[in-house]
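**Q** After the structure tokens below, expect a handful of questions from me.
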């Protein structure tokens with residue numbers, strides 16, 4: 001009797017989690033994929049016209065807003081990648097120079113504790129052309145500076161990138177410090193004995209040793225960029241025009257403004273595709289690391 | 001033998017300590033100064049937004065219009081804070097941020113209880129009990145942890161609507177718990193799987209009951225991980241916007257949504273001091289947690305990021 005209970009009790013305990021996964025994740029994803037083939041507008045319409053099942057996708061690929069969103073996704077990804085570089089530089093410096101480590105870590109990481117809405121509100125105020133940073137610098141006599149990024153379509157994305165970097169650099173710094181700490185301390189003394197210069201030591205030895213930390217950071221960054229919605233909403237609300245649309249914004253916009261469920265679903269499925277594209281390397285990386293750990 | 005080991009270890013420790021002391025005594029050389037100067041400048045860059053937001057919130061609008069964003073307030077006033085908390089308009093209601101604050105608290109409590117209980121029990125069952133399909137399920141959870149909300153948004157709206165919780169505090173809390181379940185489960189599972197097999201075997205021999213072992217042995221061991229997850233989840237829920245705006249109803253929206261409405265849909269002239277005070281009010285709870293128990297916060301975000 002007891003033996004049987006040890007088998008059944010865990011299964012019962014797992015039922016809620018399995019149910020949530022099956023309904024809220026697997027079932028819902030399939031539901032959305034199904035909807036993307038239908039002509040649903042405001043309410044779901046479950047009839048599929050098989051002669052033109054791909055009409056939502058065809059429309060999507062012709063939509064200028066969607067291609068803007070994809071381009072902005074790439075721009076945001078590449079721009080935010082600076083946060084990884086910046087995070088690594090900060091981590092390397094903090095790790096070498098132990099003085100003030102706790103203080104610097106605390107300061108660089110605090111933006112992460114704050115909501116992206118707050119970050120967006122704060123940076124939008126700083127970039128305010130008539131009363132913000134630009135006005136102050138103009139008063140100081142630096143008439144040539146132009147920080148009115150948010151009002152222009154071709155620079156608004158940079159403002160979002162700037163705020164994202166401010167927000168997330170500390171996070172990558174924390175991951176990098178953990179990575180640096182796991183490096184064998186003998187390497188430092190060995191390098192000193194061999195007379196290897198510091199820049200060469202970092203470029204030729206430390207960075208290659210930390211390639212998995214970098215890869216993890218890059219994947220996490222990409223996944224974060226795909227989800228980026230709050231910061232866009234708070235800083236530009238997609239504007240000016242459609243110039244700062246990203247896929248996450250596009251889906252919400254199609255759902256709540258255009259009230260076009262089928263179209264939003266198609267865009268959401270594309271988002272899922274992009275997520276999977278980024279996600280596969282992560283799965284492979286984890287599998288590889290687990291394999292290595294077991295081999296040891 | 002053991003004696004020798006101990007003395008040797010002690011000697012080694014002294015050497016290490018001496019080396020450390022030598023290194024420290026070396027003092028500031030040029031490179032150290034350069035590094036410290038650079039780090040300090042970066043730290044200033046990170047602090048500038050907080051400084052600007054704080055000083056702006058303490059100024060009057062006349063002063064703000066002078067366009068001296070870095071200047072300290074001439075007349076310090078908490079008027080903007082008072083207005084943001086009590087009277088500022090968000091949408092058509094003008095009752096200030098306090099409405100959103102209390103909504104956020106009311107969302108936070110049930111979502112914490114729901115998500116942490118579910119994740120803890122699931123993690124425990126997956127880590128310490130023999131479940132044949134545990135591996136497959138863990139992999140599935142790993143995938144789910146990265147699904148953006150947009151992809152399951154409409155189905156979740158339809159489901160919560162059928163359940164009758166759409167637009168209520170409970171609805172927002174449930175969706176938060178669902179979205180957090182995969183990551184939190186993985187964190188708990190990774191913590192529990194390092195519990196020695198012998199402890200579990202002895203416990204099974206002793207009482208054998210799944211729940212008894214959980215309450216008497218596992219729960220008392222979970223203090224640290226519980227704090228880490230608690231902080232991770234508090235900041236996640238508090239800082240969320242999308243779940244709140246989608247699943248919250250007319251007067252059940254959390255503080256972030258309240259703030260965003262207040263800032264973007266302001267009628268008439270913009271009052272930046274009120275906006276900044278509102279932003280700070282929204283940021284204070286997570287910031288207080290961060291400055292008080294930063295260590296756990298860092299542990300939480302790195303665990304959530306890597307294991308998730």
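Even glycines carry a Cβ here, placed using N, Cα and C.
Whatever TrEMBL says is automated annotation, not expert-curated.
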**Q** Between B:33-54, B:55-76, I'd like to know which one TrEMBL lists as transmembrane segment.
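**A** Transmembrane segment, as annotated by TrEMBL, spans B:33-54.
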**Q** By Cβ distance under 8 Å, which residues at least 6 away from the ends of the transmembrane segment (B:213-234) in the same chain are close to it?
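**A** Tertiary neighbours of the transmembrane segment (B:213-234) are 108, 111-112, 115-116, 119-121, 124, 128, 180, 184, 187-188, 191-192, 195, 199-200, 203-204, 207, 285-286, 289, 293, 296-297, 299-301, 303-304.
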**Q** Which bits of the chain, at least 6 residues beyond where the transmembrane segment (B:107-129) starts or stops, bring a Cβ under 8 A of a Cβ in it?
**A** 137-138, 169-170, 172-174, 176-177, 180-181, 184-193, 195, 200, 210, 214, 218, 222, 226, 229-230, 233-234, 237-238, 244, 252, 254
**Q** Let me spell it out: take the transmembrane segment (B:165-192), skip the flanking residues so only those 6+ beyond its ends count, and list any with a Cβ under 8 Å from a Cβ in it.
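**A** Apart from its flanks, the transmembrane segment (B:165-192) reaches 103, 106-111, 114-116, 118-120, 122-124, 126-128, 138, 141-142, 144-145, 149, 156-157, 218, 222, 225, 228-229, 232-233, 236-237, 240, 243-244, 246-250, 252, 254, 303-304, 307-308.
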**Q** I need to check the long-range neighbours of the transmembrane segment (B:287-306): which residues 6 or more away from its ends have a CB within less than 8 Å of a CB in the stretch?
**A** 183, 187, 190, 227-229, 231-232, 234-235
